[in-house]
């Protein structure tokens, strides 16, 4: 809700122009993203941290699978290999214990599905409807807030037997809530911007860089325990990110070069039949002349 209010002030000050989007699309998109946030938090609540990390790791391959099946998007073998190296590294660095339970597994599955679909739609809506990340976030934020406000407090009370409204909010707690909201504005804005400009998979790669940074800062600033396994995993993950970046940039340049080539320099797949036709016509003419002679 703070994100929506901030963007509302921004558009009043003419930092961006709001754009009307189909109401049904925005409502479904907002509710889906809000549900995704809730399910990810529930997944963390009902699973071990290790299994929750595995849930986050599973988002990349499922996103690739969904984009391949429904959007007919092709991922090169180089990109797949780099993602595999990245996931292996993050898994080594962050996944410690894997305690399974039925309810937690179901919640994780739903969290993966809603997150993948939500991020794919974030990219697809911006490109197909030609709206900016700011315009889409401004339109959908109220619906995300609505689904969380309608379900969050009641689910919380059901799980903890404590009401969020009965909590005594001291000044430090309110201060951290306000700080969290302000940080959330930049997080929400950057999320939509990155997904819209690049792709859902690239956003997830960036998210795993965050995991590596959290582990590193935890060790350097908070003196969290850090093992050789953590170091090895982070190094492998960074190597995988470097590979992904290299292959992505290379393929992007290759695509832009092909798009920029004039027709005369394009591969002669269609030229050969034309040449063959021309040659056959010349042959026919020559045969006709010799016949006339």
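Heads up, the Cβ atoms here are built off N, Cα and C, so glycines get one too.
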Transmembrane segment according to TrEMBL, located in which of 21-39, 78-96, 135-153: 78-96
The transmembrane segment (102-124) versus listed stretches 50-71, 78-96, 175-196, 228-247: most Cβ pairs under 8 Å: 50-71
Recorded stretch that, among 50-71, 175-196, 228-247, has the most CB pairs under 8 Å to the transmembrane segment (78-96): 228-247
